[in-house]
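Engineer: This is the structure I want to talk about, given as structure tokens.
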Amino acid sequence: MSKQQPPVKKNEMVQVTFEDITHDGSGVAKVDGYPLFVKRALPGETADVKVINVKKNYGFGRLMELKETSPERVEPPCPIFKQCGGCQLQHLSYEGQLEYKQKQVKDVLERIGGLNVPVHPTLGMEDPWRYRNKSQVPVGENNGELVAGFFAERSHTIVDMESCVIQREDNDRVVQLVKKLAKQYGIRGYDDRIHKGTLRHVVVRHAKHTGQLMVVLVTKGKELPNKKNLIQALKDELPNITSIVQNINPKRTNVIFGDKTEVLWGEEVIYDYIGEIKFAISARSFYQVNPEQTKVLYDKALEFAQLTGKETVIDAYCGIGTISLFLAQNAKQVYGVEVVPEAVSDAKRNAKLNHIDNAEFVVGEAESVMPWWQAQGLHPDVIVVDPPRKGCDEALLESMTAMKPERIVYVSCNPATLARDLKYLEEKNYATQEVQPVDMFPQTGHIECVSQIVLKDD
Ligand code: SAH
């Protein structure tokens, strides 16, 4: 049997025309049917490319010179766009990004899920910049100098960053201030190569509708030199800081947070509103990062749930109860499940805060709690799921479909696992009616969708 050789060799120069784009913003060109992935190349463009990595079934190239440019190409406003890697699509016009996201969802649903269902045009933002309400910046040292920014591609070196064009200005300001104060007070940056130093991350959370700010200083140990002065200076310089928290992460890991959180000053939570509902958010709880689009997403989820006030609803992967409380206003009873205990405490607190007494929350893995609810004889009319990127566990899908809800609303941040799970649901007598992409992450390749799925007539 003869093995077919890739048609290109490493370091070879080829001229290619791009046909498609991947989720990480790479252009896809085919050389005799062999796909070459090239960062920051757009469909329709022709370019000279240097082949840099050759695998059996695909390869990677570097964009050397554009010969024909797409009308969708724009100048990325961020000076560190190429090095940072946090955004993948700044070189594509915003209209182009929205179209690409719709097409990507449609393609993935067809390819992985075998589904041909209506995928609506992506709901985008009027101003797709400076939207993020949370900043998580790694801190380290470069030649003895404290730096905070991002990891240079495939390395442990932190590149210093002063500003991020998708981050709220307040968050940038806090990070710069912490950096300045840390230097002033002799607080060392953490070096992950030798597992030494003090400050590992600065996390800032901003609440759009109250203006409150939370600062989380993630440290290797409990010790934080000049803590009192640091707190005083933060308060003095930024009066809308209402919470200063220290999180201790002694482990050798790239997971940001450790298990221990201590309030250094102020409250352990900040408060924000989505629509009319007020939410308390603590340092480690998940909270959507784009507040403007969160409202758009949740409104869609609520629309797809078609509640009349009589329904029993389950909200799986409920976080701090955001979707649950949105639904509770129009349902008889809502049950939420979430794996992070702090998030469930927040959810319970949030129900009380809004005088909502028809929502209950359970700590646990959704895939274990769902079968338990099923065994208890719970009969939900509607189930909402909003899982992390890996999608729903099969045990969850199995018990969910066994409970035969009329409707399922699936909120997803990963079209590939969405497609896989929708396919499973199709096989269990459920039909996907429509899919609505919502642009929660402009300038990046990330895609969020909300889908309506209904029980087919027997
Ligand atoms: N619906 C919420 C949270 C969505 S993010 C919102 O819109 O704010 C996904 C959530 O699932 C996170 O809070 C995460 O902690 C939680 N999670 C992850 N794995 C889980 C599991 N196996 N069971 C239950 N919750 C899980």
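The count begins at 1 with the first shown residue.
Cβ atoms are placed via backbone N, Cα and C, with glycine included.
In TrEMBL, annotation is done automatically, which means it is predicted and not curated.
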Engineer: According to TrEMBL, Y317, E338, D386 bind S-adenosyl-L-methionine; identify which of Q288, Q433, Q436 is listed for that same site.
Structural biologist: Q288
Engineer: With helix taken as DSSP H, G or I, strand as E or B and everything else coil, how many residues of the domain 'TRAM' (7-65) land in each class?
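Structural biologist: Taking each residue of the domain 'TRAM' (7-65) in turn, the totals are 0 helix, 37 strand, 22 coil.
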Engineer: Quick one: of E338, D386, which of the binding-site residues has the smallest count of other CB atoms within 10 A?
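Structural biologist: Among the binding-site residues E338, D386, the sparsest Cβ neighbourhood within 10 Å belongs to D386.
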Engineer: Listed recorded positions: Q288, E338, D386, C413. Which have a CB under 6 angstroms from an atom of ligand 1?
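Structural biologist: Q288, E338, D386, by Cβ distance under 6 Å.
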Engineer: How many Å separate the two farthest-apart Cα atoms among the S-adenosyl-L-methionine-binding residues Q288, Y317, E338, D386?
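Structural biologist: So the maximum pairwise Cα distance among the S-adenosyl-L-methionine binders is 15 Å.
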Engineer: Sorry to bug you, but what's the C-alpha spacing from C413 (active site, nucleophile) to Q288 (S-adenosyl-L-methionine binding site), rounded to the closest Å?
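Structural biologist: With distance taken Cα to Cα, C413 (active site, nucleophile) is 11 Å from Q288 (S-adenosyl-L-methionine binding site).
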Engineer: When a 10 Å sphere is centred on the Cβ of Y317 (S-adenosyl-L-methionine binding site), how many other Cβ atoms does it contain?
Structural biologist: 21
Engineer: Sort the binding-site residues Y317, E338, D386 by C-alpha distance from C413 (active site, nucleophile) and give me just the closest.
Structural biologist: D386
